[in-house]
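A.B. asks: Got a structure here, written out as structure tokens. Questions coming.
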Amino acid sequence: MLRIADKTFDSHLFTGTGKFASSQLMVEAIRASGSQLVTLAMKRVDLRQHNDAILAPLIEAGVTLLPNTSGAKTAEEAIFAAQLAREALGTNWLKLEIHPDARWLLPDPIETLKAAEALVKQGFVVLPYCGADPVLCKRLEEVGCSAVMPLGAPIGSNQGLETKAMLEIIIQQSTVPVVVDAGIGVPSHAAQALEMGADAVLVNTAIAVADDPVMMATAFRLAVEAGVLARQAVPGSKSSQASATSPLTGFLEALA
């Protein structure tokens, strides 16, 4: 069970809504993933239409919506988008994204911290997408963010946990949930993140661009479940030396 702010989730897999070939395929994949928290970009939703092709099927599916501020380049733009989302969707939950460079889509740490502090004061449940910077993540926690979402690699790159060393520090020091976001390309990446101690992962591109998104969503669901179980089982410690699993001493003595 995962708790963030006032909500609890059975699934440790969060999903996105971008890049799917159709809204029907998007919903089928989300259902197959078992995800209960789904993020959507406000810039892609027509808030004037109750039957919006993205929003309507998500509401019907009964998932918790996590609007994001993707496309915002400054704290001011992100705050404005957040206020629109709260008014339109009736939720104070927000994935805070500020990336001024459209090529790399890396989060702006200064603007993110500035916006996070302001939004928390306005009553938002803020989940900030940020670099894998332990100092920044701690500052975001201190200003009241309900979770932190450090990247594993650049958005949509499918490179995996390129920031593993920093993620381990963030996980070790954090007192709020850590959700590894961006760069996760295959189910084994997700399992590794959960084994490391991350509380959840957010996956979009890896599922949406697969030849079979529904099958890939199922694979991610199983991988995340495996990662959680592996962590709970407490793996054995690493060793620089070999340790025989079947000692031969007694057997050889019996033959002597």
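Backbone N, Cα and C define each Cβ position, glycine as well.
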A.B. asks: Select one of G156, G197, G227: the residue that Swiss-Prot places in the 1-deoxy-D-xylulose 5-phosphate site alongside A182, G183, N204, T205.
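C.D. replies: The record-listed residue among the candidates is G156.
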A.B. asks: Could you say which of the binding-site residues G156, N204 has its Cβ with the most other Cβ atoms inside 10 Å?
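C.D. replies: It comes out as N204.
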A.B. asks: Specify the count of other C-beta atoms within 10 Å of the C-beta of A182 (1-deoxy-D-xylulose 5-phosphate binding site).
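C.D. replies: Its Cβ shell of radius 10 Å holds 29 other Cβ atoms.
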A.B. asks: Using C-alpha atoms only, work out the spacing between A182 (1-deoxy-D-xylulose 5-phosphate binding site) and K95 (active site, schiff-base intermediate with DXP) and round it to an integer in Å.
C.D. replies: 13
A.B. asks: Given the binding-site residues G156, G183, N204, T205, find the one whose Cα is closest in space to the Cα of K95 (active site, schiff-base intermediate with DXP).
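C.D. replies: Result for K95 (active site, schiff-base intermediate with DXP): the nearest of the binding-site residues is N204.
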